[in-house]
Every structure is written in structure tokens, then in C-alpha cells.
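Chemist: Let me begin by handing over the structure; questions about it come next.
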Amino acid sequence: MSKKALCIISGGMDSTLCAYLAKKEGYEIIALHFDYEQRTQEKEKECFKQICKALKVEKSYILDVSFIKDIGGNALTDKSIDIPKNELCTSDTPPITYVPFRNGIFLSIAGSLAEKENCESIFIGVVEEDGSGYPDCTDEFIQKAQEFINEGTSKNFKVCIKTPLVRLNKAKIVELALKENVPLELTWSCYESEDEACGECDSCLLRLRGFEKAGFKDKIKYKS
């Protein structure tokens, strides 16, 4: 019986690369996407489906966690809050694009699904560089989440949360993705737009900087 990994895939560059790395390690991939009614959900869902097709994933889940929007308090789900433009977060205070405890919620649900599917690993594309001020993007948080899941699931089930990108910067991620033939043109990073990436939000800036430092051109369309 093949080993199985649950890959949390947002439709973005990091989580997609993680799924490709899982496949390279010989895992049968079960793909998981969360719909929390963020601004670019339809685009992200479309990317998720295309990525699953490219990976030849046979089993995937799209789970409705729209209660995250009801909690609010962030610019990704609340359109009355402006998304910051042309500035990267450099403080230890979470930016307004931080969705409170999002990765904690995602991993709790992923733990349940991983137990049901008997997955030995969960792959999640957290990156500490992206998570300046994001308390749920650190290696320390992930280790505690793994302990929490293993403590709260059946005794004959143990899962390892794998974060192969957590210490990498965006340039290294771009380089690795292209080396592994990851179709980055199928991925989406923009926080605000679904047709053409804005090129100005925190996520777009990190992506563009990564491509520039790696010496490659991003193939997705930008407004600016």
C-alpha cells in the first residue's frame, strides 16, 4: 500500500511546490483546499483544480470554512478594509492581511481528514519570510500543531506535518519550483484581483521580488 500525504493547496506558489515535493518523495497525494470566502477565492479554486489535474491527483477536497469570514478582522475577507499597497510588512505586529489563527484552523481540520484518510504526512507551504508578524507561520507553531493533532487523534494514528519551505526565501522557492518543473503559471498569489494580479499587494511584491532575485520572469499577468 502506498504512503499517503494530505497536501493543503491554496492555489499559490508555495503550497503548489510543496505538493510537487510530496509527489517526488513518492507520496500518493490527497489534495485539500479551503474556501473561506476570501477576495480571490474563485481564482484560487480554479488554480487548485488546474494544479490537481497537473499533478494527476485522484482524490481532492474543497472544504467550506466560510465561518472565517464571519469572524472577520482582516482585509482578505472584509472588503471594507483596504489591502495595503506597495509596502512589505517589516514589524512583528501582524499586518491587516493576517487572518487570525488561519493555519491553526486549517491544520486542525487537516488533522481530522488525515486521520480519516490514513495519511502519514501533512504538507503545508508556510514560509517564515512571508509571515513577518504571522504567528502561525513559524516552525515552532507547526511543531506544536503536530503535537496537538497527534495528542487528539487515535493511538494507532501518527502524522508528521512537513514544511519543506519554511526557512526559504522567495527567490530560493522560485528556483526550486522551476528546477522541479512546477507550473508556476497555474498559481496565484494576489490578495486583491482575480483577472490580473495587482502587482502592489504584499503577496504580489514578495512573488515579484522572488522572481527578480532568481533571475526569471513571472508568466502570470499583472496590472502594473
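Glycine is no exception: its Cβ is also placed from the backbone N, Cα and C atoms.
Keep in mind it's a predicted model, so treat the numbers as computed, not measured.
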Chemist: Given that Swiss-Prot annotates CYS198, CYS201, CYS204 as Zn(2+)-binding, name the residue from CYS160, CYS190 that shares the site.
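Modeler: Within the candidate list, Swiss-Prot flags CYS190.
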Chemist: Given the binding-site residues ILE9, GLY11, SER15, LEU17, ALA19, state which is nearest to CYS190 (Zn(2+) binding site) when distance is taken between Cα atoms.
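Modeler: With Cα distances computed to CYS190 (Zn(2+) binding site), the winner among ILE9, GLY11, SER15, LEU17, ALA19 is GLY11.
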Chemist: For GLY11 (ATP binding site), list the number of other Cβ atoms lying within 10 Å of its Cβ atom.
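Modeler: GLY11 (ATP binding site) is surrounded by 22 other Cβ atoms within 10 Å.
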Chemist: For the recorded ATP site, enumerate neighbouring residues of the same chain (Cβ within 8 Å of the Cβ centroid of ILE9, SER10, GLY11, GLY12, MET13, ASP14, SER15, THR16, LEU17, CYS18, ALA19, site residues themselves excluded), in sequence order.
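Modeler: For the ATP site the neighbour list reads ILE51, GLY125, THR187.
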Chemist: Determine, for the Zn(2+) site, the additional residues of the same chain whose CB lies within 8 Å of the mean position of the CB atoms of CYS190, CYS198, CYS201, CYS204; present them in sequence order.
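Modeler: Going along the sequence, the neighbours appear as ILE83, SER189, TYR191, GLU192, SER193, ALA197, GLY199, GLU200, ASP202, SER203, LEU205.
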Chemist: How long is the line from the C-alpha of CYS201 (Zn(2+) binding site) to the C-alpha of ALA19 (ATP binding site), rounded to the nearest angstrom?
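Modeler: ALA19 (ATP binding site) has its Cα 25 Å from the Cα of CYS201 (Zn(2+) binding site).
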